[in-house]
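TrEMBL annotations:
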- 5-43: domain 'Sphingolipid delta4-desaturase N-terminal' (DOMAIN)
- 43-61: transmembrane segment (TRANSMEM)
- 68-87: transmembrane segment (TRANSMEM)
- 107-124: transmembrane segment (TRANSMEM)
- 187-204: transmembrane segment (TRANSMEM)
- 210-231: transmembrane segment (TRANSMEM)
């Protein structure tokens, strides 16, 4: 348990963004994929139903014993909360209403954020666009762990703790790596969220509020769905920067597991990414892939050659444009 991993720095690369090059090549060979670049209006109704499901859960847990509040927060609330963060991910790509109604997507993201208990949607969109434009970019892509994370979380036990604390690191990391001025929409997101939380506490009390917040924290920490955080870009195989997952949890996560496909075509909704893989199978079938996020979490902890340092990192050149 006390073994220290060998890696002492990130894997620095000096290549261009790989997904942009592959996108051009695939579209030249399969132009029919362009037809998939359109909104997924079903996403709207799925998100509304998820919000209603959580509101129902808030009401049902208000009089339960604390042990059952904690139980249902992990077993049910965490799944809905993590799934909602991935719905917000879809909305950040304007998948709900399309690029022509960008502000509709921003307002809808704030609505989808409500049952999470913590303001998230607007800030996530700002930083996530950087992740797509400048994958691995030093000082820009806040999906890359800090040097402290790589240095400190270097044993099996510490890596386990790092997984448990992932919500904390995803919240704090942007402030350390790439702080941005607060925008009007972020303030609105914060005020809307605080107002919602106060209403839930006033109506149904501490247990419902705890269920809401605990579900979000637990769902983004030590949870099977959280395997996607590591599966997407941590370098289990040297030279491979992005990995796809084709297991059943895609049903709960808007196909975020189709991650090579998503980075190649970020303006195609998750619903259509399996079609991208099918159409351009010759590009995806032979790439490294996963079928279990639980195994990814286990391997990350137990493999002494893997740590938060196991990411490709780039020194960006030229002008950098950020949201």
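Glycine too: its Cβ is placed from the backbone N, Cα and C atoms.
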Intrachain residues whose Cβ lies under 8 Å of the transmembrane segment (68-87), provided they are six or more past its termini: 43, 46-47, 50-51, 53-54, 57, 61, 112-113, 115-116, 120, 124, 207, 210-212, 214-216, 218-220, 223, 225-226, 252-254, 256, 270
DSSP helix/strand/coil residue counts for the domain 'Sphingolipid delta4-desaturase N-terminal' (5-43): 20 helix, 3 strand, 16 coil
